[in-house]
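Worksheet for the structure shown next.
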């Protein structure tokens, strides 16, 4: 057209999202709210054992949701035992039915998968169960499970592919071991189980497996819960050991062999010490690997469009607006470099990104003071800095740690676990004793932590906590009466529920 300005290229979509997990779906639905043409590509590569699942990503299918439900199964077993002391006549032997539990959990997950499909359809988001790979600028190839390929174009792209469990790279690991991707839909009870790893996934799974009555051993290479407050991590480990979970420390598996096939079968694990030549062997019905997760970024054609990744970790560096080094490509969730790997973070980031792209918003995702909970038998809630990080950031002389054990009233009648629940706050003495770290070990830790997380966002100080009247008799009230500092070395042991 003579003299006319060149028209912009017409794309099939305004936004194509690779990954149908919590973050990707949140971004898709939010972008659709602003009448944008949105497509979601989601594809689950089966595990080495062949496990696959529906729309919704890791959290819904193979992490937070089934994990919390199975943790609840274990808590109910403890509640049944406690109930005898409260006058209930409960049979001496309590049996757990694995198949019944997994069927109920999988039925619930199935309803969630269906709900996500319906929500996308209602919001006019195009969904394809296909594997997305960049093939050129603004272009992506979608391959379905039958191998059929289609090419789509979009003005902008969002990578929200998440992570998958890492394997050891030893003989027998992919042939005979399971991961958390397999555990929650395992069609038979795992029996005597070895959990390899010290991640929160490892300890949570070990905890509920032991809680439903299984023989559980955890093999740990170095420390528990790397990245978390180590004082809290060690208390979790001690509590798990006291409740029958065995720990093999400073060993790593070097070979897994099948002794007998079956559901479950029998496996032999050969492991080597991390600091000597010592070799040990053990027999288990199931070996579950929980040694970490790897970002799903290496096989989606990023090199074709020039998106930079950290070659060692596969993580994607982004700006504070989740933009990659390629301006029209964004990324959110667990695949981001140096960001918190949590579902609600991905959801928040996805929503806010869509609002910035399509609604003129300037609000960015705040990755500071993100609360989290580890659902070990004794739950661990945290917000803000670990003690180690606080010392590193402010200097040991500029922090004050207030702490106390506490005994939930409900546990006094069965007379169990006194001086196991623990509360700790870390304060910056140079900033009006502002609370920079909040940590609690006890029942319902997530429920306790959530409200305090809002307070930390508002700049909570020790004085404000002290002037807050507690609710009696609940666990959270301990935070309104903390008076003993770690520095003082004074006793924090409790004689009763009211301190």
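The backbone N, Cα and C atoms fix where each Cβ goes, and this holds for glycine too.
It should be emphasised that the depicted structure is a prediction, and the values quoted were computed from it without experimental measurement.
Per Swiss-Prot, disulfide bond is recorded for 59-64, and the stated evidence type is similarity to another entry. The phosphotyrosine annotation in Swiss-Prot covers 131, and the record cites similarity to another entry as its basis. What Swiss-Prot lists as NADP(+) binding site is 166, 198-204, 221-222, 226-228, 292-293, 315, 341, and the listing cites similarity to another entry. Taken from Swiss-Prot, the feature active site, proton acceptor applies to 472, supported by similarity to another entry.
For the recorded positions 166, 315, 472, the largest tally of other C-beta atoms within 10 A is found at 315. Around the Cβ of residue 228 (NADP(+) binding site), a 10 Å sphere holds 20 further Cβ atoms from the protein chains shown. The Cβ neighbour count for residue 64 (disulfide bond), using a 10 Å radius and every protein chain shown, is 19.
Take the Cα of residue 228 (NADP(+) binding site) and measure to each of the recorded positions 59, 64, 131, 472: the nearest one is 64. In the three-state DSSP scheme, residue 131 (phosphotyrosine) is classed as strand.
Comparing local CB density within 10 A for the recorded positions 59, 203, the maximum falls on 203. With a 10 A radius on its CB, residue 131 (phosphotyrosine) counts 20 other CB atoms from all the protein chains. Comparing residue 166 (NADP(+) binding site) with residue 64 (disulfide bond), their Cα atoms are 18 Å apart once rounded. According to DSSP, residue 166 (NADP(+) binding site) is assigned to coil rather than to any helix or strand. Annotation for residue 200 (NADP(+) binding site): same-chain Cβ neighbours under 8 Å, separated by at least 6 residues, are 225, 228, 374, 376. Note: the CA-CA distance between residue 59 (disulfide bond) and residue 222 (NADP(+) binding site) rounds to 27 Å. Note: the Cα of residue 315 (NADP(+) binding site) and the Cα of residue 131 (phosphotyrosine) are spaced 19 Å from each other.
Between the alpha carbons (Cα) of residue 64 (disulfide bond) and residue 203 (NADP(+) binding site) lies a span of roughly 14 Å. Long-range neighbours of residue 222 (NADP(+) binding site) (same chain, six or more residues apart, CB within less than 8 Å of its CB): 198, 250, 274. DSSP assigns residue 64 (disulfide bond) to a helix. Comparing residue 131 (phosphotyrosine) with residue 472 (active site, proton acceptor), their Cα atoms are 53 Å apart once rounded.
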